[in-house]
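Heads up, the thing below is written out as structure tokens.
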Amino acid sequence: MFDWRMSASEGAVHVIHFTDRTLQEVNKVDYAVERRKSLHARYYFGILFFIMNLVAWFFRDYGQNVLPWIHYIKACGNEGDDCFHSLGVLRVSLGCFIFFLVMFVTTVKTRKLCEGRNSWHSRWWELKAVLLLLSMALPFFIPSQFVQIYGEIARIGAGIFLLLQLVSVIHFIMWWNNYWTADEETKERCSLGLVMSTLFYVCAICGIVYMYASYASKSSCSLNIFFITWTSILLAVMMVISLNSKVNRGLLSSGIMASYIVFLCWCAIRSEPATIRCDTKNQETRNGSWITILGFLIAIFAIVLAAFSTGIDSKCFQFSKNKVENEDDIPYNYGFFHMVFSLGAMYFAMLFISWDLNNSARK
């Protein structure tokens, strides 16, 4: 009798252990599913952000011809001009900002995959679609004076976005440089890293030459000459520092940063007002079209990619790098992710109107 009881108790213990293992396996599966949905959600938000960029471009260049009925909205003025061109871009940007601000407020404190806020971030896309439509419609009923105030605030937000983007780019460059660092087992990787370094520097130098030839050919273009020359000096300084034996970090990181700085300089020069534009060879009528299209595509791609990569790269903004991650932790910081996209909405507005609230916003 005693032996039978012992066997029964041992069997019960085995059943309990088996049940615990089963529950743990189920929880692991649930966490894996939730993590996968969370990672997929960032791509969906990136697509929405890309669509908002296209909508802003549409309202800037074609909205007045395609949507003539919008002048019936009181906030758009008599001819509807206050809802197109620069103000149209600001209204679309404001709607995008409101949407991601709501997402930021509702997900900022999310820490675990089992929380309801995680489901709100990763699921409920029908409800988020309704929220997005309401957020986009609301700014078109706001008086133009308040939209102008938002434009002034957007300048600051766009500057903050550029700073966050720069930190993220530097973090990515450091990771990539370490990945291509030479070691005994990856000599082929080192050779490819050297090729990439050379390619980035060649692109940066070609960009400098192009900007001098196209935007600084006249002595009256002193501001352009100053920015291009200063960019050239930065390139030379970064190369010299990278080649210094005490630094010994290779040319890849400085080459990538050089190309990035040249791109920013080109964007700044391209956005100068048309009345003082210093480009040569009557570029606006001859070959300005393809450059404008190329610049537009690069800008759209850069905005979306910068917002996406910076949003998921919250770890590079943490002071403590030794935080232990648990299995049920969220894969990235949702609040920071949506905050970056809300600042990105301000940034694309500034790019589309050339940082000038009174700009006529040419096609």
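Any Cβ shown, glycine's included, is placed from N, Cα and C.
Just so you know, TrEMBL annotations are computer predictions that nobody has curated.
Database features, via TrEMBL:
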TRANSMEM  41-59  transmembrane segment
TRANSMEM  88-108  transmembrane segment
TRANSMEM  129-150  transmembrane segment
TRANSMEM  156-180  transmembrane segment
TRANSMEM  192-213  transmembrane segment
TRANSMEM  225-243  transmembrane segment
TRANSMEM  250-269  transmembrane segment
TRANSMEM  289-312  transmembrane segment
TRANSMEM  332-355  transmembrane segment
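Take the transmembrane segment (332-355) and the stretches 41-59, 156-180, 192-213, 250-269: counting Cβ pairs under 8 Å, 156-180 has the most. With a cut-off of 8 Å between Cβ atoms, the residues of this chain six or more beyond the transmembrane segment (129-150) that come close are 48, 52, 55, 70, 73-77, 82-83, 87, 90-99, 102, 357.
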